[in-house]
Amino acid sequence: MSIGLDPAPLRASRGSALSGRFRPPGDKSISHRAFLFGLLARGETTVEGLLEGDDVLRTGRACEALGAQVERLAPGRWRIRGPGLGALLPPREPLDFGNAGTGSRLMMGVVGGHGVTATFDGDASLRKRPMNRILDPLKLMGAEVLSEARGGRCPITLKGARDPAPILYRTPVASAQIKSAVLLAGLNARGITTVIEAEASRDHTEKMLVHFGAEVTVAPEGTGRRIDLVGRPELRPRPVVVPADPSSAAFPIVATLIVPGSDIVVEGVMTNPLRSGLLTTLVEMGADIAILDRRLEGGEEVADLRVRASALTGVDVPALRAPSMIDEYPILAVAAAFARGTTRMRGLHELRVKESDRLAAVAAGLAAAGVRHAVEGDDLVVEGDGAPAGGGLVATHLDHRIAMSFLVMGLASRQPMTVDDTAMIATSFPAFRPAMERLGATFG
Ligand SMILES: O=C(O)C1=C[C@@H](OP(=O)(O)O)[C@@H](O)[C@H](O)C1
Ligand SMILES: C=C(OP(=O)(O)O)C(=O)O
């Protein structure tokens, strides 16, 4: 799959109520990791329910460049034949991660812990994102940065450590990408690699390390966690089942809450507590969301969610909740615009270094829609009046979540909303438009 260079604008308008059942695509975080563990486990790993979005497919290609055989058997079903830990090949060409922070940063961890040299690059958005947060711990482990763009930006050529030093690392910000990069490099270290995080971030890497046979202990440490990984395990190929992505489910969920009369069921959504901050917040706002049929899928808790249109009220969202809903603030801001009263979202500094400066992009989108709001330090404050005017054009800055959030807003605002580009939606939720249209959304 490739994403066209021509921007593809789209308009969303108010229409009929949304109804029906819908299963979101596979979780993006777990899909990236499925390819990476398939590379690092020697033998044949199979994956069911993989997200076939551009970000993840690029991770698959990078795994091929490092020596894996990657094969699509059927939609969402993939097989990876990995060379295994310690047996990666040096890639012949630069690795192009497109728009993907997760793919590039986790793979830096893999390369950083192996004696191979690779160049990491991506699109204009990825080239702006800070990589020193990953390179700093990798340098402590013995990796060398041979070249980089100014300020630790891509393109970056990284020479991995043949015999990486196990380290104890305290992550400077709550970030599963930093934690995962250190652990993935630590896999090839002789000894114990420890990561301490002041606030717990998503734990998919830890869970998958255990699933593939590594020895990992996770213990509470203050308000956060300490993870100890014993290096040089025998990673064994294991089947991976990818549950539905709560970050993609967020769009139909909020659309249903704000379009009067709507009533849908979202199937198989992962309810891992480290990913569920948006659900907690929406329920606090008065959302009618019933959690049905809780069960386990691929080692993760999942459930069907019955969502009905609801009168929402503004709330105060604590900064401590941010890691569990870090990608959901743009769509929460849309819900807040339809709520009555003030919603204050605290501690959003990390939003400034995502695919776009999401704090600025959301504020500009709210302004375009005539919604009263303010950015106060790292907080976003939205003054909802229950019925945003809409009618604006939103600049998406190569950011899929900005595009999907403001299209959802247009389904209920008084005037339609237009986003300047939808191409990036293919990075995380390629079927967003047809899936939303099947539920009754009006685009075009
Ligand atoms: O580890 C992951 O899969 C992710 C971690 C988060 O980034 P940070 O680690 O920068 O918080 C998140 O924003 C991203 O979409 C996916
Ligand atoms: C931040 C995101 O992804 P990444 O960091 O992988 O680009 C996202 O999907 O919202």
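Just so you know, the numbers here start at 1 and follow the chain as drawn.
Each Cβ is built from the backbone N, Cα and C atoms, and glycine gets one as well.
Per TrEMBL, 3-phosphoshikimate is bound by K28, S29, R33, S175, Q177, K354; the candidate from D6, D327, D378, D379 named for the same site is D327.
Within 10 Å of the Cα of R401 (phosphoenolpyruvate binding site), the following binding-site residues from the list S29, R33, S175, D327 place their own Cα: D327. In this structure, the C-alpha atom of S175 (3-phosphoshikimate binding site) lies 12 angstrom from that of G101 (phosphoenolpyruvate binding site). Distance between Cα atoms for R129 (phosphoenolpyruvate binding site) and D327 (3-phosphoshikimate binding site): 15 Å, as a whole number. Of the listed binding-site residues, namely R129, R358, the sparsest Cβ surroundings within 10 Å are found at R129. For ligand 1, the nearby binding-site residues are S175, Q177, D327; that is, of R129, S175, Q177, D327, R401, these have a C-beta under 6 Å from one of its atoms. For ligand 2, the nearby binding-site residues are G101, D327, K354, R401; that is, of G101, R129, D327, K354, R401, these have a C-beta under 6 Å from one of its atoms. Each of the binding-site residues K28, S175 was scored by the number of other CB atoms within 10 A of its CB, and the lowest score belongs to S175.
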